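Participant: Quick paste from TrEMBL:
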- 1-18: signal peptide (SIGNAL)
- 48-68: transmembrane segment (TRANSMEM)
- 89-108: transmembrane segment (TRANSMEM)
- 120-138: transmembrane segment (TRANSMEM)
- 145-164: transmembrane segment (TRANSMEM)
- 176-196: transmembrane segment (TRANSMEM)
- 216-233: transmembrane segment (TRANSMEM)
- 261-281: transmembrane segment (TRANSMEM)
- 293-312: transmembrane segment (TRANSMEM)
Amino acid sequence: MAWTKYQLFLAGLMLVTGSINTLSAKWADNFMAEGCGGSKEHSFQHPFLQAVGMFLGEFSCLAAFYLLRCQASRLGDSSDNPPQTFNPLLFLPPALCDMTGTSIMYVALNMTSASSFQMLRGAVIIFTGLLSVAFLGRRLALSQWLGILATIAGLVVVGLADLLSKHDDQHKLSEVITGDLLIIMAQVIVAIQMVLEEKFVYRHNVHPLQAVGTEGLFGFVILSLLLVPMYYIPAGSFSGNPRGALEDALDAFCQVGQQPLIALALLGNISSIAFFNFAGISVTKELSATTRMVLDSLRTVVIWALSLVLGWEVFHPLQILGFLILLTGTALYNGLHRPLLDLLSRSRDPAAEGEQERLLGGTRAPINSIS
């Protein structure tokens, strides 16, 4: 079935904003500027402040939700405005997981490349699958177990590519290894977040934009308050600011004043996460969760290609192999292989294809969930 212009726009918006989200965060990390009090020029390493910006972007999804609800009310359409009675504190545990996982990943992004960062995030499949078996009582299909095994193999190959790649003064081998391990560790927390959302939140028929926005509100408020004690906590080698604190928000603002392009990178990160969430939810609703997963995989290719073009990293052929294995694991786990198998079976039996087309005729029910 041919896509409409609106569907093509949504797919393009998701691909572009999703790529901008990672690239803008890495762009900010690459800037060098003086800090407060005339401190010497140093790199912009403020992962927790960047995480606050990301939650601000998620929080803005609440505005989109209420705009859509007002529009539905004016048009007299109650289908997009179901009664929602739930305790907002249900979003607090997943928001805390999101806050922790995102902060760790922004710390890791300072240590490794943008493409490895994006590829290694595929590890979430492993932990989500295992936790869903342990806590949601699910039984995984054979293809899902094969997907988990393929994902593990892909992670090993990507990690090996990072070990064998040439490293500059900005990304030493020890930092790259630490960053890769932190990304994988963060996926455990992200998987816990997904399980909590499925078990406690989405059974209440909460609109996805409202869910994202409410979690963003909790994350923004809590992490903003935590910036105060972080200013006084020593972090040693993990700190990228002259004071050696866990996070120095004042130093970040001074660097932004010295180098305004950092503000542009941060603004790109904040706005892109808002549009990416909206586009992803809309793609799932208008097309399918499978389409969303394919576009998310294409996002990794775009980030990788642009990072190479911009000279942010050096090409290593093992990354291609690692990405293909990770893509295979994602496809198997999410059932993307089934349409291909159906297509092959229909091509062998044209009569069965005609019969199936008659049986499946009619409109396709949209899926409205976060994949």
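Glycine too: its Cβ is placed from the backbone N, Cα and C atoms.
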Participant: Given a Cβ distance threshold of under 8 angstroms, which distant residues of the chain, six or more beyond its ends, lie next to the transmembrane segment (145-164)?
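Facilitator: Counting only partners 6 or more residues beyond its ends, the transmembrane segment (145-164) has Cβ contacts under 8 Å with 112-113, 116, 119-120, 122-123, 125-126, 129-130, 173, 176-177, 180, 184, 316, 318-319, 321-334.
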Participant: If you count Cβ pairs under 8 Å, which stretch among 89-108, 176-196, 216-233 touches the transmembrane segment (48-68) the most?
Facilitator: 216-233
Participant: Six or more residues beyond either end and a Cβ under 8 Å away: which residues meet both conditions relative to the transmembrane segment (176-196)?
Facilitator: 93-94, 97-98, 100-102, 104-105, 107-113, 116-117, 120-121, 123-124, 126-128, 130-132, 135-136, 155, 158-159, 162-163, 165, 167
Participant: Tally Cβ pairs under 8 Å between the transmembrane segment (216-233) and each listed stretch (89-108, 261-281, 293-312), then give the stretch with the top tally.
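Facilitator: Comparing 89-108, 261-281, 293-312 against the transmembrane segment (216-233), the winner is 89-108.
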Participant: I need to check the long-range neighbours of the transmembrane segment (89-108): which residues 6 or more away from its ends have a CB within less than 8 Å of a CB in the stretch?
Facilitator: 25, 47-48, 50-51, 54-55, 117, 121, 178-180, 182-183, 185-187, 189-190, 192-193, 196-197, 200-201, 204, 211, 214-216, 218-219, 222-223, 238
Participant: What else in the chain is close to the transmembrane segment (293-312), if you only count residues 6 or more beyond its ends and a Cβ gap under 8 Å?
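Facilitator: Sequence-distant neighbours of the transmembrane segment (293-312): 11, 14-15, 18-19, 22-23, 26, 30, 113-115, 118-119, 280, 283, 319, 323, 327, 330, 334, 336, 371.
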